[in-house]
Every structure is written in C-alpha cells, then in structure tokens.
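> Pulled these from TrEMBL:
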ACT_SITE  33  active site, proton acceptor
ACT_SITE  251  active site, proton acceptor
BINDING   129, 299  substrate binding site
DOMAIN    230-355  domain 'Alanine racemase C-terminal'
MOD_RES   33  N6-(pyridoxal phosphate)lysine
Ligand SMILES: *Cc1c(COP(=O)(O)O)cnc(C)c1O
C-alpha cells in the first residue's frame, strides 16, 4: 500500500489565470524549477502551456532540456542559473545572464556565430546572490557596446522581501530597478515573483515570474490564502493498535500514552519528505476531523493518536498534506519551515495521480 500524491492540474491552471489577471497587461510566466516545486515540471508545464502560458523558468540547464522535451518548440524557457554558450544542447533555452562575465561570453559567442543570441539580463537590486552588481551595471550603462550581439528579451531583478508588504526593501528595489533600466537600452522588464504580484502597481512589469502561488502556497502570508489548494498527500494506515497508558511510542521513546490510546501507524516518513521536525507537532485529517501526530517521525512510518476516532482501521487513509489543518503552509509552519520546502522535499516513493479536469 503506497501513499498517494494527488496533484490538481486544473487548480494550478486556475491559479495561473488568477495571477495572469493580476499581472496584466504584462505577461505572466510559470516558474517550474526544482521539478515544478516537486509536483512535476513536465505535467505542470504542459497544463500551463495548454492554458496559454508562453514563458517558463527553471534553475538549471538540465531542467530546461527536460522541459523543452515535454513542451516542444515555442515557449521561452529561461534558465535562472544561466549557462555557458552552447551548453543548452540545442534545446533553445534562454540563459539568464547573471554577471558581466556571462554577458561578455554570450556576446562574444554571438559575434563568432554571426547570429544574435537571446538572453535575459539580470541586475541585482538587493539580494547579492546573482545578477550584475552596481559596478558591472555601471560598465554596461557606460558602454552599451558590451551588449552587442545579444537579443535581450528582458531585464530582470528579484525581490528579497516581497512576502512582507511593509518591508522597505520592496520600494528600494523597485527604485533601483527603474534606475538600472533607465541606463540600459530600452527593453522589456521582469520584476515580480508570486508575492510581488500582490504588492501593487509599482511592481507591475512586462513579465511576472510566479512559482509558489501556482502550487497553492500563500503568497500573502499575512492574509488568508487567495490561491487554490493543489496538492493532497494521502497515506494508508498499516496498523491500528491499542496501548495502555504509559506505553512509549517510537524512536527515543519520546512520547508515552497519557491514557489508554489507539495508535494508527501510516506508511509515510521523513524519507518521503514528511519532515522529521514534524515529530509531535503535526495533525492529519480524516474526513474533516483532525488526529494528532504523536512521537517521532521515522524514515518510513509515522504514528497518529486516533483514540477519539475509533472508526479508523487498517487500510483507511489519512490526509497528511492538503487536508483540514494541514495545508502545505500549515505543515511547514509546524515544521518550522516554509511551504516551498515542504513541496520541494516530497519524496520519490509516492504514487502520483494527476487530476486533469
Ligand atoms: C524561484 C524564483 C521565482 C519564483 O518565486 P516564487 O516566490 O516561488 O513566486 C521568481 N524569480 C526568481 C529569480 C526565482 O529564483
């Protein structure tokens, strides 16, 4: 008996349409890095393509090549991590140029080939990870000839604090981005991630790049989630057993039954991405009622106290993610992390079912 991950593709498409309405009149991409945040980049990509999405982003060239094979020719696939000229294996991927070195390498390759090279120019406005820094930007601003041979589809930047609407970083980054763009040749701009789409008109651009909100993660953590839930993890109960008060459960004997207790053991553990930090902290949903996780999460097994729901029997399924009280964001909060990490940690052992309509 396997645990099942059910992924609701129409809900992802509906989320993309909602975000596309917020991004209008600009375009809205689909960010499908890390295998579509763990949910399946090929399936998600095809569903979004069929709904009209024309721009995708991945992190790595290998992700881009796999996505190209899934999508066929047509949509732009931007590679956020960039790549050396020629390293995209003819998949017609669009590199994000993250440094002056990236710019000069691709411009030189374009001049040798005699064909303009499509690329996206990334300027750093406040993350200090990737993107042209202030000095590099100044050089390009003074000498647009450095960009000769490049067909720059967009100039982009990335917001550090978009999920905190009150954070002054947001306006500071928007201002720095506008100044950077003013010094560059005219080209389209790409600014907002999921949360950035909720920051207001100052964060509109020609191409938004939402990821997490497509997958149902709340892009507005201070407010109710405006997105549709996308994911459900249902785990089979392998055994139910009654234990007397005082009986310890699980590794380390960290929890003992405070009363005569019924324990349901389900076939999901930290090897499946059901994080060990959930030990003693999570709940599962059984037909709208909550059962508490007790004791430690093991590699392949997790135990729940089902004393108050005596109808639960071996073979029943508990919803561990995507039910009442256990959305991906709620599970993340109980694990001390963010929904992104819950999704991208989902393991390889699940039966995956894609809902298509
Ligand atoms: C991951 C990523 C995104 C998507 O961010 P979300 O917060 O998931 O919407 C957008 N842009 C860049 C550069 C990214 O790395």
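First residue shown is number 1, and so on along the chain.
Placed from the backbone N, Cα and C atoms, the Cβ positions cover glycine too.
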> Which residue among the recorded positions 251, 299 has the fewest other Cβ atoms within 10 Å of its Cβ, if you could check?
299
> For residue 33 (active site, proton acceptor), which residues of its chain lie six or more apart in sequence with Cβ-Cβ distance below 8 Å?
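Within the chain, residue 33 (active site, proton acceptor) has Cβ neighbours under 8 Å at 41, 57, 58, 59, 60, 63, 80, 211.
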> I want to verify one value. Collapsing DSSP to three states, which class is residue 33 (active site, proton acceptor)?
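It is helical.
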> Could you round the CA separation between residue 299 (substrate binding site) and residue 251 (active site, proton acceptor) to a whole angstrom and send it over?
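Their Cα atoms are separated by 11 Å.
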> I'd like the Cβ neighbour count for residue 129 (substrate binding site), meaning other Cβ atoms within 10 Å of its Cβ, all protein chains included.
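Neighbour count, Cβ to Cβ under the 10 Å cut-off: 10.
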> At the Cα level, what's the spacing in Å between residue 129 (substrate binding site) and residue 251 (active site, proton acceptor), rounded?
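Cα of residue 129 (substrate binding site) to Cα of residue 251 (active site, proton acceptor) measures 40 Å after rounding.
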> Residue counts in helix (H, G, I), strand (E, B) and coil for the domain 'Alanine racemase C-terminal' (230-355), per DSSP?
24 helix, 49 strand, 53 coil
